[in-house]
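Feature annotations, courtesy of TrEMBL:
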- ARG362: substrate binding site (BINDING)
- 40-351: domain 'Aminotransferase class V' (DOMAIN)
- LYS198: N6-(pyridoxal phosphate)lysine (MOD_RES)
Amino acid sequence: MRRYEDLAPSQRCIMTPGPVEVDPRVLRALSMPVLGQFDPEFTGIMNETMGMLRELFATGNRWAYPVDGTSRSGLEAAMISLIRPGDRVLVPIYGRFGHLLHEIAERCGAEVSVMHRPWGTVFDPEEIIAEIRRVRPQLVAMVHGETSTGRMQPLEGIGEVCRELDALLVVDAVATIGGVPVKTDEWKLDVVIGGTQKCLSVPSGMSPLTYNERAEARILARKRVERGIRSDDDAFGEDIVYVRSNYFDLGMLQDYWSEKRLNHHTEMTSMLYGLREGLRLALEEGLEARYARHRLHERALAEGLEAMGLRLYGDPACKLPVVACAEIPEGVDGEAVRSMLLDRFGVEIASSFGPLKGRIWRIGTMGYSCRENNVLRVLGALEAALLRQGFAASPGAAVQAALDVYERV
Ligand SMILES: *Cc1c(COP(=O)(O)O)cnc(C)c1O
């Protein structure tokens, strides 16, 4: 007798800022046979994935590999491996994920300076540069694409000053990687952390990152090798300020990803298959074509929302191309609309956090979810739900406006 039903998740149209729908090719890759983590076939896949990540991050860095865990694990690994207790760290904050970087820096024992911009806006890079010159931090940590507010921070010029003053620049590109250009080398970013479940459309569970020789030098200065792994006991000096995490010590992780293959955790074989297939899809499409696709569907969605009579939230000059934030109109119950979208139409959109809770909906156009039939579906469904709530949307206008965008190309 069976006590539990077969697993049967619904096929949703997921239009949130992550997780998003997963390409069937990635789902198939996840079901391939498991290999041992030192099997040459598997280490070959690891090396290949590193090469693909270098292309994605637009970098010549030696190190580009995933940390096992959600995107926040990549952020935490980078911060804890680079920040020594007492280091000065500067965090410019313009949304929820900036607050996360602040919190992680504090947990690393840093002396943290923060700067704030009102939600819905971003910094002028000159403001950040002036603050770097004043604070003289050892490390600057900031978010490229803030999914909480739907804004994107221009990064040009900041890396230059960090080099001049010997600060490392760590960038959370979790939301942008694979959907918007992230030019690691050109913008002189020392460490960039990406995510899988957003524009790469791979399930949540890995955090690809890359770092250059400047960051590696700091990591190596704190290096410790696990006892019992190497025979030479002098591999760990006791007087170094070693990294206060074993799992997230990038010095140990890079030994595992290097030709040395020093044992650390057991690599997530199936997730790596999924990541490799997601990267293969992105590189097959071509990164420039992929960025252009994200811009096209962004435009169709935004014009549709406006034609419906909704106001877009935030400063349009710094809109994050992969998330549209729409203000919830007066008298409309935002959560009732979201429930109706999910229950009746199988469409998921997101609410928001903190000061924006109950004020905006966030609609993602990321990766595999970012396609014409999804955009038309979310617009049609949202219009129907709003009409149901008594909001005077002009019927049909949203989908027609989006169709106009598609017919113009
Ligand atoms: C989603 C997101 C994260 C967190 O990712 P998890 O996979 O949930 O850990 C971090 N930063 C930004 C900008 C994000 O959008």
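Any Cβ shown, glycine's included, is placed from N, Cα and C.
A straight line from the CA of ARG362 (substrate binding site) to the CA of the residue listed as 'N6-(pyridoxal phosphate)lysine' spans 14 Å. In sequence order, PRO17, GLY18, PRO19, VAL20, THR147, VAL174, ALA175, ILE177, GLY178, GLY179, VAL322, GLY364, MET366, GLY367 constitute the residues six or more apart from LYS198 (N6-(pyridoxal phosphate)lysine) in its chain with CB-CB distances below 8 Å.
The number of other CB atoms found within 10 A of the CB of the residue listed as 'substrate binding site', across every protein chain shown, is 23. Reduced to three states, the DSSP call for the residue listed as 'N6-(pyridoxal phosphate)lysine' is coil.
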